[in-house]
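Asker: Below are the structure tokens for one structure; questions will follow.
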Amino acid sequence: MPNTHKLDPEDSSSSEILIKHSQVAQSPKDIQNIRTQSSNKGLVFLTTLALGYVIYSISANKIFNLDAYRESVFEEARPAFLFQDSLDQDDSPYSIEEFSNAGNELYSNPPIEGNPDIPDGEGIVINSKQAFGKNGAVATDEARCSQIGVNALKEGGSAVDAAIASALCVGLLNSFSAGIGGGGFMLVRKPNGESDVIDFREMAPISATKEMFIKNITKAQIGGLSIAIPGEIKGFELAHKRYGKLKWSRLFEPTIKLARDGYKIGKMLGIHLKSLQSSLAESEAFKEVFFDSDGKVLKEGDIAKRQNFANTLQKIADYGADAFYNSELTTSMVDTIKKNNGILTEADFKSYRAITRKPLTLTYHNRKVITCPPPTSGSIFASIINILEGYNMKDLSNKAVNIHRMIEAFKFGYAQRSNLGDPAFVNVEEVVQNNLSKDFAAGRREKITDNTTHDYKYYEPDHDIDSQHGTTHLSVLDKDDMAVSLTSTINLLFGSRVMDKTSGVIFNDHMDDFSTPKLKNAFGLYPSPKNFIAPGKRPLSTTSAVIIENNGKVEFVLGASGGSRILTSTTQVFLNMVEFNSTLKQAVDAPRVHHQLLPEKLLVEPYYSNKILNELKQRNHKFGMMNQGTSVVQGVRKLTDGTFNSVSDGRKFGAPAAY
């Protein structure tokens, strides 16, 4: 039965959300165990760790080839989506009914007693972990990193201290997605209610030109030329000087110890090391760290040590950011980048500055929403929820209509995104103000037709819609009501795949986040000049960190990783909580959709409601399948009784912490 009030660590009962949760057994042989173990507990959802059963079921129904599907989940050469062009065709083996109901034969015989009313085709395979505490909470992609953040809070550190300590850890343990060779954004809400944004986005080098990738776009993704000036350490130093309580060096100690003494390879790192082992084996630096003495790539559970990286972190801990940006380490990093055909110089490193920006604020049904300005996409998040605020989203009499409206808002939002860029180089003020405007949103809302979607031209994009990748996100809330929503990234898996052996730093490939002129897409749209490369320019980012206040106090801290899916994932989690009174865990677990206008595909996660999919099909939406794990939300919520609840999205096997 729906449970809209109670929040208990042992209770995952579903409330009305955009798509309801349902039970799915792990595998046929596990049914009896589940019945035995779960009779006195709340609903038990299939964890992402048990995704194998979904694959088993799909394979058994001959919808997908088992091995091909398993490998495709983390396929290197594709941008994290699986497009099934025939999913929306009635005569296809990839029909909506089969796609949504794969393995759902168990619905007719629910494995958990006392919950017989399972909606047809409304399943869920995510079981995110959550934590509860009375003093503070942290949510990251990695359990060990969440605990490091909470330990900082226990020692009297601020939310910023915890965020920095956790992020350094994630950069080590999940080095495929983040690290000090990259950059990002930190949204900080201070105890007095004021907020700041620390922009430590990477910058194009002095010698960069807007035409540098026209003849070979792959050089923007792999190799030295793809590397932009890293900003993470400068950003952390600026944030710590403003808001830190613990010693700077203290924040580095746990990660230094892990790097020096050794750490177990986690599930996600193991998956990506395996998928990219051929590419990584070409680098002596990667081989030294991630391959054993027999030349075999390390796997989940194996011990890795990064001694040189530990030494680098120790120098930064002892001497500050200059140890990274203006020292012998800088010389070594520049030499490695040049050997890999890069153009970064020591002058580029010395020139880097983190920036403090004013956040964007708006209201949504009497709540205050705080997000980040350009070059992030926070204003697009604002535009989307402004459009949706004008609807009665709580009306559950026809959920498909509200889902359709949300998708249409996504499409209008992404059309606007092509007009954003680095505000130091292009004028984005009018676009941002439109996105924040309730009147502008009302005009967009009038264009949304409830009976059909439209061709992409209807949404008036001026330029091509770039796809972006990678990232990690973490959320922190402390006992003083200081909140941090932080996104860090090196972009694609292992960034540029260039590691400096001396420093142990893995470098980003964020030059790929810029647009390149003259490359017209299949729809005849050219890239946006506002995001063309220029020396010292910061590329546009899809990140959209969010903090929500209710009655002057922090209620939610949200954000996501996953490139182009960040905006849509954050929006759906936000709506599930604000409009449908779901718990944070329920909101994160619920299956999601994604549409970024171009390509003209509505991507849906497995086990999305076939009833709603069929109603969306009647509104002329075209479907593709989205891998679970392509976008991952980290959130912290302050409950009305003062309890802190943190949730790490099960799509990336993370775990939160609280105390």
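Residue numbers in this text run from 1 along the chain shown.
For all residues, glycine too, the Cβ spot is worked out from N, Cα and C.
Per TrEMBL, active site, nucleophile is recorded for Thr471. Annotation source TrEMBL lists L-glutamate binding site at Arg201, Thr489, Ile490, Asn491, Asp513, Ser541, Thr542, Gly563.
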Asker: To the nearest Å, how far is the Cα of Gly563 (L-glutamate binding site) from the Cα of Thr471 (active site, nucleophile)?
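Answerer: A Cα-Cα distance of 7 Å.
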Asker: How many Å lie between the Cα of Ser541 (L-glutamate binding site) and the Cα of the residue listed as 'active site, nucleophile'?
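Answerer: The residue listed as 'active site, nucleophile' has its Cα 10 Å from the Cα of Ser541 (L-glutamate binding site).
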Asker: Cα-Cα, whole number of Å: Asp513 (L-glutamate binding site) versus the residue listed as 'active site, nucleophile'?
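Answerer: The Cα atom of Asp513 (L-glutamate binding site) is 12 Å away from the Cα atom of the residue listed as 'active site, nucleophile'.
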Asker: The record names Arg201, Thr489, Ile490, Asn491, Asp513, Ser541, Thr542, Gly563 as the residues that bind L-glutamate; what is their largest Cα to Cα distance in Å?
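Answerer: Farthest-apart Cα atoms in Arg201, Thr489, Ile490, Asn491, Asp513, Ser541, Thr542, Gly563 are separated by 14 Å.
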Asker: So which one is it: of the recorded positions Thr471, Thr489, which has the fewest other Cβ atoms within 10 Å?
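Answerer: Per-residue Cβ counts within 10 Å for the recorded positions Thr471, Thr489 bottom out at Thr471.
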Asker: Just the number: how many Å between the Cα atoms of Thr542 (L-glutamate binding site) and Thr471 (active site, nucleophile)?
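Answerer: Thr471 (active site, nucleophile) has its Cα 10 Å from the Cα of Thr542 (L-glutamate binding site).
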Asker: Translate the DSSP assignment of Ile490 (L-glutamate binding site) into the three-state scheme.
Answerer: coil
Asker: So, in DSSP terms, is the residue listed as 'active site, nucleophile' helix, strand, or coil?
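Answerer: Where the residue listed as 'active site, nucleophile' sits, the three-state DSSP reduction gives coil.
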Asker: Express the distance between the Cα positions of Asn491 (L-glutamate binding site) and the residue listed as 'active site, nucleophile' as a whole number of Å.
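Answerer: That comes out at 6 Å between the alpha carbons.
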